[in-house]
Every structure is written in structure tokens, then in C-alpha cells.
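Quick look at what Swiss-Prot annotates:
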{"type": "TRANSMEM", "residues": "15-35", "note": "transmembrane segment"}
{"type": "TRANSMEM", "residues": "69-89", "note": "transmembrane segment"}
{"type": "TRANSMEM", "residues": "91-111", "note": "transmembrane segment"}
{"type": "TRANSMEM", "residues": "130-150", "note": "transmembrane segment"}
{"type": "TRANSMEM", "residues": "163-183", "note": "transmembrane segment"}
{"type": "TRANSMEM", "residues": "200-220", "note": "transmembrane segment"}
{"type": "TRANSMEM", "residues": "228-248", "note": "transmembrane segment"}
{"type": "TRANSMEM", "residues": "282-302", "note": "transmembrane segment"}
Amino acid sequence: MAGKTMNYLSTYLKGLAMGAADVVPGVSGGTIAFITGIYDTLLESIRRINPSLLKVWKAQGLAGVFRHINGLFLITLFGGIFTSIATLAKLISWLLVTHPIPIWSFFFGLILVSVWHMLRQIEQKKLSRLLWLIAGAIFAYGITVLKPLHLEPTYINVLISGAIAICAMILPGISGSFILLLIGMYAPVLGAVKTFQLDILLIFLTGCVIGLLSFSHILSWLLRRYRDVTLTFLTGLMLGTLPKIWPWKETLSWRVNSSGEQVPLLQRNLSPFEFETLTSQPSQWLLALVLMLAAVALVLGLEKYAEK
């Protein structure tokens, strides 16, 4: 009994970590799921939510359905994710504004070591795999340099954005939050979380459920049939997002978001020393390095924990 309790506590904590990552534009909760060893279990559990459940229900009842979809695992994990988003949204948003370099440095280190972690999962290292890695990196980088849209937060747009964002959230390397930024829905959705706008939240979650149930089947099938190729492409996605979360940037132009706030539109990456010269602000390179290494240590620790 104690062992089961610890397992569910562990799953809940992994959900908290996934939720925290999903709040940050440029970081994916799917990455956290992968490095903590629950990615395949998550996809398979979601994939089992389909019309075939009717047969399970007729044969085994509701209890059988709950067991078939690994219900306790899903409830515990998503409980952690939603708890994290609800409680950490304000804190992470504040930290990204007030302490951007240390926070982005931590996530840069997290993604960098996660790339190494995922490359280790690839069994057959061929030249063709390298091509898929490059393709994934180009695709992800292309997304990061797209000009953001300015969609109005209508109910239908909120529904569609939920479906799109959740697909990104379960992909290691593609950030659901960043996709929301690209389509101009990040501020409205985060604002709804902060102020608990029930109508917006319910519509967004409905979109998430629709997207999750449909996309998980595709991704699960790809991982079963073409695991190495899929993992290589997903690793490329993570590589392609690294320039986006590089800590030192110069803002070239600004835009006004749907909340009336000035936010960066075009940015270019700088070295820490260029940053100090151009902005006359400290680069905090030593603190940044420490936090990058802390992220590396965290992932290696999670990897060891997942192997137990």
C-alpha cells in the first residue's frame, strides 16, 4: 500500500513539473514527461480512450474501463499539471519579467541535457537519422521565428487554440505556451487562469481534450511503428527551440498584446559580453551558468530516479 502511495505521489510531482514547464513559452511539458520516464505510459493511457471502451464497459463495467485507461495514473498526473498551472502561473510569469536571464538559463540547460537524454534512446544511429534530426530542428526553429498572429479571444478561437496547444504540449520540444503566443492567445488564456474565468477555461479545456484524444493516437502509432525515426525528429524539435530560449537577447521591435502590454516582437541573440555592452546591464553569466548546470543535474537525477 505504501509503495502504491509513493508511486502516485511521484506521478503527481511529475505532473507538477510538467505543468510548470507548460507555463513557460519555449518549454514543453512533454519534455518533462520523457525525461521522467512516463511518456510512453501517458500516450498509451490516453490512446486507450476511444470507442472500443464500450466493449470493455459491457464486459467489465465502469471499474474495468477505469483500469483499462490507467485512470488513477491519468487523474494523478493531470491533477499535478492543473495544480501547477493554477498555482505557478503568476509566479513564473513574474519571474520571467523580473529575473529573465536566470530563469531562461535554467530552462536552456534543461532542454540541452534533454536532447542528450533523448539521443541516448535511439537504438540505430544511422545517417538517415541525422537527416530527421536536422528536419526536426529546422521545423522547430521555423516556428519560433514566425510572426505572431492577433486572434480575438472568441469562444471558437479559444476552443481551437486549446486543441492546437495541447498537441504541442505532449510533443517534447514544442511548447504549447509558445504556440499560444504565436496565435495571440497566450495572454487571454493565462489571464483566464489568473482570474479564474470559468467560461474561457472550460472551453479551452474542451479544446485540449479534443486535441489530446486525437493526436495521442497518431503519436503513439508513430512511436510503435517508427520509434527511432520519431524520437530523432522529436529531438530535432528540441534542438530547434534552443535559440528561442537563449537567455541573452536584444529586442529589435515591440508589439502590443491583447492585454495592452508592450512585449518583444523581434529579438536577436547576444553573447553575455555583447549584452552588457549594448544594454549596460549585468549579464549575470555566472548565475546563469550555475542554473544551467543545476538543470543538467536535475535531469540526470530524474533519469536515475526513473530507472529505479
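From the backbone N, Cα and C atoms, a Cβ is placed for every residue, glycine too.
These numbers come from a predicted model, not from an experiment.
For the transmembrane segment (200-220), the neighbouring stretch richest in Cβ pairs under 8 Å, chosen from 15-35, 91-111, 163-183, 228-248, is 163-183.
Cβ atoms under 8 Å from those of the transmembrane segment (282-302) belong to residues 35-36, 101-103, 105-110, 112-114, 117, 247-248, 272-273, 275-276 of the same chain, restricted to positions at least 6 beyond its ends.
Residues 22-31, 33-34, 39, 42-43, 111, 114, 118, 136, 140, 143-144, 146, 148-149, 151, 157, 189, 207-212, 214-216, 219, 234-241, 244 of the same chain, all 6+ positions outside the transmembrane segment (163-183), place their C-beta atoms under 8 angstroms from a C-beta of that stretch.
Only pairs six or more apart in sequence are counted, and the transmembrane segment (91-111) with the transmembrane segment (130-150) gives fewer than three Cβ pairs under 8 Å, not enough to call it a contact. Touching of the transmembrane segment (228-248) and the transmembrane segment (69-89) is ruled out by the presence of fewer than three CB pairs under 8 A, sequence neighbours closer than 6 excluded. Residues 8, 11-20, 22-23, 29, 38, 41-42, 44-46, 48-49, 53, 190, 193-194 of the same chain lie 6 or more positions beyond the ends of the transmembrane segment (69-89) yet place their CB under 8 Å from a CB of it.
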